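Scroll down for the structure; my scribbles are underneath it.
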Amino acid sequence: MTNMAGTATTEFRWKSPPQPPSQEQPISDSDSDSGSDSENHQHRHNDLSNSIFEAYLDCHSSSSPSSIDLAKIQSFLASSSSGAVSCLICLERIKRTDPTWSCTSSCFAVFHLFCIQSWARQCLDLQAARAVTRPSSNPTEPEAVWNCPKCRSSYQKSKIPRRYLCYCGKEEDPPADNPWILPHSCGEVCERPLSNNCGHCCLLLCHPGPCASCPKLVKAKCFCGGVEDVRRCGHKQFSCGDVCERVLDCNIHNCREICHDGECPPCRERAVYKCSCGKVKEEKDCCERVFRCEASCENMLNCGKHVCERGCHAGECGLCPYQGKRSCPCGKRFYQGLSCDVVAPLCGGTCDKVLGCGYHRCPERCHRGPCLETCRIVVTKSCRCGVTKKQVPCHQELACERKCQRVRDCARHACRRRCCDGECPPCSEICGKKLRCRNHKCQSPCHQGPCAPCPIMVTISCACGETHFEVPCGTETNQKPPRCRKLCHITPLCRHGQNQKPHKCHYGACPPCRLLCDEEYPCGHKCKLRCHGPRPPPNREFILKPTKKMLHIQAESTPGSPCPRCPEPVWRPCVGHHLAAEKRMICSDRTQFACDNLCGNPLPCGNHYCSYFCHALDIRSSSLDKRSESCEKCDLRCQKERTPRCQHPCPRRCHPEDCPPCKTLVKRSCHCGAMVHAFECIYYNTMSEKDQMKARSCRGPCHRKLPNCTHLCPEICHPGQCPLPEKCGKKVVVRCKCLTLKKEWVCQDVQAAHRATGSDPKEVPKNQFGVGLLPCDSNCKSKLQVAESVLTQRNVKEIEEKEEPSGKNASKRRKRRGRGQDIQETTRLQKLAVTTKRILMVVMLVAMLAAVSYYGYKGLLWLSDWMNEVEEQRQKSRRYPRI
């Protein structure tokens, strides 16, 4: 016991933060998803977790922090080390370098320091605004407080965080550049007082979340007090497992329950008990042994004239209530020596007892029994809002029909209460605003200011659910499932079973078995392939919000594939009669085989030999007359060369005689490409080259454009290039540069003239062909001079009209007036003629437009038909390509 006591009071030394590993095994601090970075990150997380729980495990004598008290701390550590901690206010991820504040009341949620400061100021400002707008009836109002956004725990105004402290609150601005210390932690022992007020401090390293239960050893008694044992301070309340044996409230029986916490249950021992008056006997539980029957007492009182009017009771009935000092009902007149069986007379005065309203007295004469329940005296009353005054009976409340138009404390809805006294009740509507998580709406009563953050925490867990962490609602979309160190619980279905290498918990299908199949064939060999047996049903894929349909879908196992036929090589004899008859074959192939030699027997066609591999012969003979009946039949097409030679194969099967003449149609276009000729192959190939050229001519104009001019070749369809393109004899209209003079020249002269001017006739555009070859004469010059003089006069006249001053036009106006008199006036007939001409022009224009539209539509239809015909000809030419 001395050693135990010493253990209970031992002080634990401080644990230093874990040292980084050597340079041989560097651990990356990046967020990469690669395999090495993920393993290093997981390894570092394990080191941090082990270092935080090191002192606690030393004291707790456990190999892993698996107690229920540490589950919440492990969840905080998993989310913090994986970078999944998000601020509930701004829903942004909390980085290692961000100043933070954590609630120390109940939820231990982590927020950005700036966000919680802003949140606290908004809460206090809102309360101050409410206090200003609300009529203050209580001069001693409580001090304004602000609440934690998650657990709504209250904090005083002085508790607004001003500094960035670690989780345990000992160090200001904890280091953020040490990857071997938990973010926002000082790395030292927490030493915060534990919640059960045991007097001990937390032994974990500075950590998020609540402190674990006290692991120190203390002497403690069980619930019933019968057993004393040494227990952990955090779990010192225990049950010894024996019967409680504590005396119950009846002070007769003992508790028969197993050693338990709290008060003992009521005594349930049954027996026959009498009621309080002793007239009735009933079987009751011991805890209900004192009871009253429904009969009246009816015992004679001490006066001998009245009976007891009380119900069932214990003890004496007491004195007669009518004895002693007697008075009238209102209590103003007293009667001495009046017997208890004589009724006291009425005094005849006013009752004057205070009525239920508390202001007026009973106006009736002295009477027996209670006074009026309602005061009917008419008084002048004001309604609650003070707008209406009216004379009403005293017992009646006065309320007007006016609805309060003040805005409630939510600043969104009006009060709308009838006859409000100014103290408007809080808004009863639901806020209903969309929260920042974008998934839920605010369910709080309607309020001012920002809504509280969404209180729902989303659990991100591995496939087995053993490893998990919680994130605020709205931040789960970017989260990945944690890496679980537990082994996969899915049982393999292949024949190897437990011989497989175990793998860790995962989503989706299990990795395939890597062992060899080794299943034995009937021949005695074993399958050497990778395991291809059945695979167990896979876990569902990681989905944040699976639908009900997804949850009810049951994954099915994947059936395995059968082993292939035995691939082992063995020696088998040949079924033919060639040398080297044995051949190495697959064991599973039980059929007869042929060797690599061909049969070689001549076929009936006389052109080919049997191409079968070595096969069993019905008749063996080396002579050509006695051919084997088991050899193949020649189904090949004729492969002889035709005479005369052509590219078309003989359509007949292989035959010994000569091939028939080739009747295949051969498509050949004419020289100018205007039409296509079809010839029989035998007819076309027997002609000479000169006759072929002659037969291909279409006997029509060439229709090919000459290279040096815009005219077509006038020759009959001919092969090769068009002859003498520079000797074109077509007439061309030749003009001067001003297009005044024109003449007709022969095309070859026009080409020569263009060459003389230094331009190539091939490069001259069609609309400029022959323009500028004639020299301009005197008429062209005179016309040019006349046009220039007219243009000059017109310009001078316009300039003079612009320069005429506006003030010196009186005389000119007279001249213009005189000029205007010389102009003849138009008659009605002339106006009618002009109008008729205009109408006729409009009618002609409309008719022309209609004609153009009609014939244009017809032309488009004709063009479409022509293009279809051309397309059909092209398709036919593709079917029969030119040779």
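The backbone N, Cα and C atoms fix where each Cβ goes, and this holds for glycine too.
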What range among 198-216, 217-235, 578-596 does Swiss-Prot describe as zinc finger?
198-216
Under Swiss-Prot, which of the candidate ranges 605-636, 669-700, 765-796 is annotated zinc finger?
605-636
Which one of these stretches, 523-568, 799-844, shows up in Swiss-Prot as zinc finger?
523-568
Do you know which of 250-269, 270-289, 330-349 Swiss-Prot annotates as zinc finger?
250-269
Mind checking which residues of the chain, 6+ beyond the ends of the zinc finger (410-429), have their Cβ under 8 Å from one of its Cβ atoms?
135, 137, 383-385, 387-388, 399-404, 445-448
Write out how many residues of the zinc finger (198-216) are helix, how many strand and how many coil, based on DSSP.
0 helix, 2 strand, 17 coil
For the zinc finger (646-664), residues assigned helix / strand / coil by DSSP:
0 helix, 1 strand, 18 coil
Interface-richest range of 87-152, 198-216, 303-322, 357-377, 494-515 toward the zinc finger (437-456), CB pairs under 8 Å:
87-152
Beyond the flanks of the zinc finger (303-322) by at least 6 residues, Cβ under 8 Å:
275-277, 279, 292-297, 340-341
For the zinc finger (494-515), what are the same-chain contacts with Cβ under 8 Å, counting residues 6+ beyond its ends?
462-464, 466-467, 481, 483-488, 530-531, 533-536, 538-542, 558, 560
